[in-house]
Amino acid sequence: MATYTCITCRVAFRDADMQRAHYKTDWHRYNLRRKVASMAPVTAEGFQERVRAQRAVAEEESKGSATYCTVCSKKFASFNAYENHLKSRRHVELEKKAVQAVNRKVEMMNEKNLEKGLGVDSVDKDAMNAAIQQAIKAQPSMSPKKAPPAPAKEARNVVAVGTGGRGTHDRDPSEKPPRLQWFEQQAKKLAKQQEEDSEEEEEDLDGDDWEDIDSDEELECEDTEAMDDVVEQDAEEEEAEEGPPLGAIPITDCLFCSHHSSSLMKNVAHMTKDHSFFIPDIEYLSDIKGLIKYLGEKVGVGKICLWCNEKGKSFYSTEAVQAHMNDKSHCKLFTDGDAALEFADFYDFRSSYPDHKEGEDPNKAEELPSEKNLEYDDETMELILPSGARVGHRSLMRYYKQRFGLSRAVAVAKNRKAVGRVLQQYRALGWTGSTGAALMRERDMQYVQRMKSKWMLKTGMKNNATKQMHFRVQVRF
């Protein structure tokens, strides 16, 4: 009598090795499923016949389904027509677009893996390209819904593990985050500007020593000054003609998604309606174009969240920082405390000054009277000009040299209409402003609420039953 048997398949074995090998076969697994269904087991020959029959049916189905193109979503009557379609120009173009779409998805997933610290060594580029081609290749299937998605998933996994970084380029671990690089660039610009300002001040101080010169020398100086003005104008024009930095978001593109608008105002309206993005103190905004351009560089080049700024984690792609701002509801500017100095060059708060006259153009230079009356303050050591400007003493120059942020040209006249249109959109959405009568009404309502709360607390404490000195029993037994 055989010692080693299989009760499910009803067979016997000579040794334990053959028995263990039998337990790993498909025949044994098939009989186990039949046993669960209370069906009789099949023999090895019967199982092989069933396998061959199933393979024949699968081949028949594959032949019939080979006339469907998954890329173009078209069905063909014959296999020859299907092969001719694969060589057509339209199919090649659609296949190329599919390859680009897969590449974009792979790069986005690799960026997420990189942020999570899942980057690994790269693999062969040929293997990666083969995986992408396999993912988008027109595989025959019965219908688009029944097309097996396994190859695409495998291809994405292969490419994601293979690249482990930004698409086809591997990120150097020693490379600085884009946010830090952008901050360093801004610091260099600020230092360069401070050096230029200090040089101009030194030239002004040197010019205080007056000397008698001839008329010819005066003409030469005038010519030199004219040439300097021309050179400065040319330099300004060159700076204006310089394009935006690489990766910066244009002023017609949304800062929080991939939406593109035909104009700046439509872009601002889109960000307000779809992302609830409001520009703070917009009634004092003087350069809306410059502000949106600066924010585009901050998000596109520096990969910086507008609310987190230097805090929070670093991002290595524009899509990642946009997704963060949308998910965390950070589609707003952080202007608390000293952070507001970052955007000071785009605002003009002169209209909020107490000595500002209504209807006065802040850009228009005041006409000086014929009689020059100058005032001097001994305490502050300042000379007050008729225009209201204050001139400090030379001994306090170290304090006047301080610079807070980059200085930019203010263009109120060019942006007044644009700011007005944005204000109309804000008011249409229920915005009441952060200053003026609306702010006073809000403060009054807060005061009324506080007084009401105090009165209710006082009344409740006065009528509280626990403060009764003598308690009368309500129930008598």
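Glycine is no exception: its Cβ is also placed from the backbone N, Cα and C atoms.
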Where Swiss-Prot places phosphoserine when the choices are Ser261, Ser276, Ser317, Ser329: Ser276
4-28, 279-303 - the range that Swiss-Prot marks as zinc finger: 4-28
From 67-91, 92-116, 117-141, the residue range that Swiss-Prot assigns the feature zinc finger: 67-91
For the zinc finger (67-91), residues assigned helix / strand / coil by DSSP: 11 helix, 4 strand, 10 coil
